[in-house]
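What follows is a set of notes on a single structure, which appears directly below.
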């Protein structure tokens, strides 16, 4: 079935016109399209299998083309640096997850290997991430607490049960991510704006900071459960502040000063350094040696990491009953993990001029969670700090990830027991210093506020909800609030009456700019949002308010005026100039004087209309037409609605013409109208002799004069009126010729 041809008339400023004809489109058979796609999807050929394998494992495409001489040095250097940074961070972030350090090392090892095989980004560093570790720790703690209150007996100790919950959570989150990749739901990341992500990261950073304070000062308080963890934790800290460990406080102060100083110097002189200083590793080595030879655990009761086993624990399938319990909590974890990974991948791809595939990234992150969950690992994501270090140390491909995994493997097999005496307060210091970037977002609030107040409100709400309630609910609150802000901005958008910039064809808001000239007898209204069912009433109210005219009220007022005039005429009163009797001048109802004859609606900022929006335009066209006011629609997009339907609805005036063209055309027509009206008045003056003779005035003069002077007065009066009429005809004829 073919679509009927449509022709649209276009006018430009010179009043010349031309026609645009829509293309003929053949309606496609949906059944045939679906069958063709199914045949293509389920067909199996050697070439298709090869392409599928290369798409699913991108390493098969780029590894054979690897330029060893050019890339190997940068990949090895960045891999070694990231591995050195990764080991202390993995041990430290185990505190956030509430798990043993060995599980963090497992996570870092497997994540780097799997992403090397399946990832499409060349520079992203995937592994443990502070926010993800915090979310895993919160879910694990809450679930363990609930199971304990229900009276369930754990198969082993509390820590063993916690890793079981973490692996089940990780497996379910990975399944969610793979399913999102299968159904191509990568667009979900678009609903997490920059303000939501920044607010979420800052709020979670406050939660992480709060959770590490007890390790900084060496007190033992129960880990808070449920919502409001930040407030409850600080209350418990101040209640138990007298139990602080002096050794931990001194160690924390020294470590923070050293770490912050080294970070600041590294940021200042990073252009002179070939690779960042391994400050965390140096601090951990020195602190471990001091703790071991100073017997800080035995003498000062300082809390240490304890025994870290070597090698790998036998793989184990995550428990299905725990998967059901954490199925809801795994959803925000899956979304956050994917969003951070894709955001960093796109940032690196844009910087180094290559492309990534968002759905393949979802597969890669999903399998980075599914496969390691069988090996006692928890959820992973791309990490901003390690990614920036990776790019700054000459990384070229994901071969650097394999080098980092080898460094972690070396620690797992041989070096892990050496960290037995490492104090937990040192790990807490490493975590807190790593939060500098997120906490610095508070300094950007004034600048953010001046740029966009709504985005600042989204940031504040998301940050507050993430810190004061919980990270998962904070993320949900941020998404919902940002969507509500968009809805509110479309429901109550900016509206304006436009004035002309002098000596130009441009029009702007006359309330925002000075020295704008108004067009005589014309008002130009602009509505800066889609016109649909939710903002229809606001559109009408704004139009009536800015034009100072409600056509419905004015129509009712005029009907009352006509009705009152008819009543006086029936009573026999002679109408006065105002249309009412002289005795009832106090009851007169005069219609409002309208200061414009045409209304131009600038539709250039209206991207789409629904049925309610079209009916609204038809309604104002009808209402203003009753008041003899013309409605013109300017700059309507061709795809807003079929032009044939616009013409059918009587809304075809200036549809696609810009505002200045409509105004020029209107002024031209108005000048012709004024000349025609003047000529009409001149002809009336020439033709209407009785009006100039003023017969009523003649009769009045005759009635008040004496009898003997009646003929003389009558002749003089008639002669005077005829002379003035001839004189008027002469001048009107002269003016008529000049036109």
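Heads up, the Cβ atoms here are built off N, Cα and C, so glycines get one too.
According to TrEMBL, the feature transmembrane segment maps to residues 397-415, out of the candidate ranges 397-415, 416-434, 435-453. Annotated by TrEMBL as transmembrane segment, the relevant range among 126-148, 218-240, 241-263 is 126-148. Per-residue confidence over the domain 'STAS' (512-643) averages 79 (mean pLDDT, predicted model). A Cβ distance under 8 Å defines the sequence-distant neighbours of the transmembrane segment (459-488), meaning residues of its chain 6+ beyond its ends; these are 131, 134-135, 138, 191-193, 195-196, 198-200, 202-204, 206-207, 226-231, 329, 332-333, 335-336, 441, 445, 448, 534. The transmembrane segment (363-385) is in contact with the transmembrane segment (160-179), judged by 3+ CB-CB distances under 8 Å for residue pairs 6 or more apart in sequence. Recorded stretches compared: 71-96, 160-179, 199-217, 322-342; the one with the most Cβ pairs under 8 Å to the transmembrane segment (397-415) is 71-96. The stretch in closest packing with the transmembrane segment (71-96), judged by the count of Cβ pairs under 8 Å and taken from 126-148, 160-179, 199-217, is 126-148. If you look at the transmembrane segment (160-179), the same-chain residues 6 or more away from its ends with a CB under 8 A from one of its CBs are 97-100, 103, 136, 139-141, 143-144, 147, 154, 316, 318-319, 322-323, 325-327, 329-331, 333-334, 337-338, 362-363, 365-370, 372-374, 376-379.
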